[in-house]
Amino acid sequence: MAEDSESAASQQSLELDDQDTCGIDGDNEEETEHAKGSPGGDLGAKKKKKKQKRKKEKPNSGGTKSDSASDSQEIKIQQSSKHNAIWQQISAGAAMGGDTMEGEWIDLRMYHKNPTIPIQKLQDIQRAMELLSACQGPARNIDEATKRRYQFWDTQPVPKLNEVITSHGAIEPDKDNIRQEPYSLPQGFMWDTLDLSNAEVLKELYTLLNENYVEDDDNMFRFDYSPEFLLWALRPPGWLLQWHCGVRVSSNKKLVGFISAIPANIRIYDSVKRMVEINFLCVHKKLRSKRVAPVLIREITRRVNLEGIFQAVYTAGVVLPKPVATCRYWHRSLNPRKLVEVKFSHLSRNMTLQRTMKLYRLPDVTKTSGLRPMEPKDIKAVRELINIYLKQFHLAPVMDDAEVAHWFLPREHIIDTFVVENPSGKLTDFLSFYTLPSTVMHHPAHKSLKAAYSFYNIHTETPLLDLMNDALIIAKLKGFDVFNALDLMENKTFLEKLKFGIGDGNLQYYLYNWRCPGTDSEKVGLVLQ
């Protein structure tokens, strides 16, 4: 992760780019708002933008559209290009300083046409062009990304965007000499390690995220991570207090910044590495020109390095150097009336609300025999199921019993897991989804949108299509409004058939200090909250 000595390039990254945005790439503080994903999974883009997207974009499900899948497009889901998940998700951003090469070309042309123009004026024009480019927003695809400069990431052990990768392994060797002192924050701010067992501190973090974390482009929805969800996401087995890294105002001790890391064993092709997942980077909206986010990234890197860990995994809705995989969110309406009322989605031409509700209607009972909530007695069997199943993918976790217990045992309003037990008492399959509501802003009646996110779904005997249809039924019965899923693992086999609608933004997966060939979304077996 970030270098331990303060290089000139890294120091420069703290001084440039004063956009009123937030990010984790160190190049642009915008992308805390983009990495995790829009609330509810890619919500709220303008209808005009969505219609334009649909004209030129065809869902790629790996198969032929069924009639029901075609019908499901009658209700349009408004989606922005933000996505779940920061470093879930590192949350990254546009290239700092924009496309300076373009600025240089403009200057050269102007100089040849009029060599009497002062060099200083040409330099001023170049700087203006760079700022304009930076303000045009983060790169959403490889073509856009290759035109940008990434001054922060260019100093980091990550592959270059144009690099052809055929090897596997660490980019930099593990270090022995790790910086012992925290990095310096801008004047007026101080570090604080957050003790989330303290209810007041947990409430402070909840408030910071609730008021400043991921929103959609139209400021209609905002993720609403409950305090209980935060404890689940931030304190898995092996969690460390010092990896809950906060920033406060020195004068009044107000919490204005946060970044976290949690440990995980991740298999990358044939190598299993102990690494961290980086998540929940957030800087208060009013302080995003203070360059706090780059220091947060470097500080969490230093703290992780001190524990002997030198690799990380993260996701972002923008393109940085260099994605190992790109996935897409899909969305399945469970409560069409509410989704239309809050403008999460809208009715297409010649489609009434009643027809839409009929289209998305689900049975009242599940189909799979032996389906029941997971219990503590199932931990070992679930661990065996998931670890064997995930071996077919190129990027996947390797879990022990404690991790399976933490991530999958049902917790109300946080995680739901159902197992399939056959007549002989053997567990053959399981499904899981976690709960992440969004606050609905500026609506007179609806204050919250309840979204389910597909987690891990393992099948050995039950067809995956049947298993996921049961997941939709359970989510509907539990009062969810929408069910979201990425097109990773084997999900493409059921998305269209179960009337999911495709989102219009990608979720990139990244590895820090690890080089390996890229992989397709169906070979990704890792889901970050």
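Note that Cβ sites are derived from N, Cα and C of the backbone, with glycine treated the same way.
Summarising the annotation, Swiss-Prot assigns region 'Disordered' to 1-82.
Annotation comment: Swiss-Prot describes 15-32 as compositional bias 'Acidic residues'.
Look at Swiss-Prot and you will find Ser38 tagged as phosphoserine.
As annotated by Swiss-Prot, compositional bias 'Basic residues' applies to 46-57.
Marked as compositional bias 'Polar residues' by Swiss-Prot: 61-82.
Annotated tetradecanoyl-CoA binding site per Swiss-Prot: Trp153, Leu281, Val283, Ser289, Arg291, Val292, Ala293, in sequence order.
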Legend entry - DSSP-derived class (H/G/I helix, E/B strand, else coil) of Arg291 (tetradecanoyl-CoA binding site): coil
Legend entry - Least surrounded among the binding-site residues, given as Leu281, Val283, Val292, Ala293, when other CB atoms within 10 Å are counted: Val292
Inset, instruction - Sort Trp153 (tetradecanoyl-CoA binding site) into helix, strand or coil using the DSSP assignment. - result: helix
